[in-house]
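Undergrad: First, the structure itself, so that you have it in front of you.
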Amino acid sequence: MDVCRPEDISPPATPPSLFSSVVTNNVTTASSSSSICSKKPLSPQQQQQQQRPTSHRQFSENNPALAYIFDEEQLDHIRHLKSSFQQLTPQQKQFLLYEIINCCDSSQLTYLNSLIAPRLKIDFLKELPIEVSLHVLSFIDDPKTLARAACVSTFWNSLLRDEATWKSLCMKHQYRRRNSSICGGELLDPPTQRLNFSYREYFKRKYNIASAWVHGGDVKVVEDGFGEELVTSLQFDEKYIVVGCDNHRIEVFDTQTARKVRTLVGHDGGVWALQFKGGEKHDPERVLVSGGCDRDVRVWDLNSGRLRHVLRGHTSTVRCLKMKDKRTVVTGSRDNTMRVWDIERGVLLHVLLGHQQSVRCLDICGNMVASGSYDHTARLWDMRTGRCLHVLVGHISQIYAIAFDGQKVVTGSLDSQIRVYSASTGQCLATLQGHTSLVGQLQLNGNTLVSGGSDGCLRVWDLQSYECTQQVSAHDNSVTCLQFDDRRMVSAGNDGRIKLWDIRQGRLIRNFSKPAKTVWKIQFNDTRAVVLMQRRRADNPEQNRTVMEVHNFDLEQAHHLRQRQKLSLQKQQQQQHNNNNNNNNEAVPPTSSSSASFSSLSSSSVTMMDTDEP
């Protein structure tokens, strides 16, 4: 629709209007208008009526109060003007309105705005049935947009508290429980198993955790727990972080506070492999198995630190081990053998013979175990019988990494190749080429395989098509650690760098931590990551020390933890203060007890205030 151009219309003017509204006093007074008609003098009764507050409803045509403002001739003229306006074309209406508005002063324009603005502000969601309104909101994928929409009005806020909207958003963002042996915590429990579950709160927490992964979480650094020792193995859950070192020790830390809980002592050589099971709500007991250079396999009660069994039989270093459950474990050794143990009773079940050189890596699925050896072969075994099911050949050099999911066995070798075998037939299904050096890191999840090599590259493979979908030049030296889930991937290399990647796009998100000399181990779950590395001492750059970082991405939980620690510290200081008061009361004469108590209180209060300062 065309609007008249300003040059085609007479210049703005402010002629006498039909009536003038004085906004500041909320009083409407009649004024003369030469363009319409002449106005008769007001009677005293009309002047008294004019002092009364006037609302918008007073100007309806059938309102008898109009008789005090207009005479009959004026009212007829207004009715005629209204009728004439309704007969105009839209363009003519715009012209007339333009002329009328140009004749209005600021108070009249303010009055017009108070009439027009509410009519233009139509809450379309309020006009629709609630089911339709919720369906409209379900098309919004961006949570920030939903958060802003919740601030529009009380009605919109009530709509956005509907659980169906947030459940749909959880599905779109794939916020669901992940199938990972290291994942735990109340956040990941299935919704149906949690009381007072809210999809809105669940989505909010998951979204904030994902954001903290991108921008950085709460980091606790442990610098004095290891010395210069080399770290060989790592595992953690929601309660414990367990670290195996080459100084014969196993260090146990509290996951929440990063404080050392205990040191497990007993091995006579470096600890090269460990794993624990348990710790779930229905099964809080944790069983830890460790092996190392002393050729012994030790079984521990992790919750108490008590040694349960020492399993002997290997004649060389225990290089790798895997637990099937809290009863059965398989160990691989440099003595070329594997052993299956009943760790509940502390007895040997089977000795698996066949490899001609050191057994370097293991993986378990169900009742089968896959092993990789320096003899260039991989083998598939039945743990129940101890029988070798298949010998997987094809590599021309040592095998350093293996992954097994029950259907496929994937191996990485010093010959720079990755081979995929059928677990049922033992046949080689594919040879994946691309790395130019040792493939020492593998992780398999469904049809996605991620490999890391000494060439510093990460490769993501699709095992349905056996094609490389992502190739990332990640590090300037060997990849020493990698782990991925359905959203992200963390890698570390001998260049001392730790990097966080978007696994879907192969894009670097950020450097995960400050550079180190060497990165020993990395492990993460949905809400936490643990990194063990070697850094140069700040006070003596010629010396190195092993450092552990615990990253917490559940910032809400981290805040609550700090509050609890702060309250605990205050209680301890208060208890110490009370003990000091009691000692002072016993040690001084009664006449001076009041003075001594005051002195003790003042000192303790100062200490508490200093502690509470940020």
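In case you wondered, yes, glycine gets a Cβ from its N, Cα and C as well.
TrEMBL labels come from automatic prediction, so no person has curated them.
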Undergrad: According to TrEMBL, region 'Disordered' applies to one of these ranges: 1-20, 181-200, 441-460. Which one is it?
TA: 1-20
Undergrad: Which sequence positions outside the repeat 'WD' (311-351), separated from its termini by at least 6 residues, show Cβ-Cβ distances below 8 Å to it?
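TA: Sequence-distant neighbours of the repeat 'WD' (311-351): 269, 272-278, 283, 285, 287, 289-293, 295-299, 357-364, 367, 369, 371, 373, 375, 381, 383, 385-386.
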Undergrad: Using a Cβ-Cβ cut-off of under 8 Å, list the residues of the same chain that are 6+ residues beyond the ends of the repeat 'WD' (392-431) and lie near it.
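TA: Those are 357, 360-366, 368-374, 376-380, 437-444, 446, 449, 451, 453, 455, 461, 463, 466, in sequence order.
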Undergrad: Which bits of the chain, at least 6 residues beyond where the repeat 'WD' (472-511) starts or stops, bring a Cβ under 8 A of a Cβ in it?
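TA: Answer is 174, 178, 180, 210, 213-216, 437-438, 440-441, 443, 445, 448, 450, 452-460, 517-524, 526, 529, 531, 533.
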Undergrad: For the repeat 'WD' (432-471), find every same-chain residue at least 6 residues outside the stretch whose CB is under 8 Å from a CB in it, and list them.
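TA: For the repeat 'WD' (432-471), the nonlocal Cβ contacts are 400-405, 408, 410-414, 416-420, 477-486, 489, 491, 493, 495, 501, 503, 505-506.
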Undergrad: Just give the helix, strand and coil counts over the repeat 'WD' (432-471), going by DSSP.
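TA: Final tally across the stretch: 0 helix, 25 strand, 15 coil.
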Undergrad: Could you put numbers on the helix, strand and coil content of the repeat 'WD' (311-351), residue by residue per DSSP?
TA: 0 helix, 23 strand, 18 coil
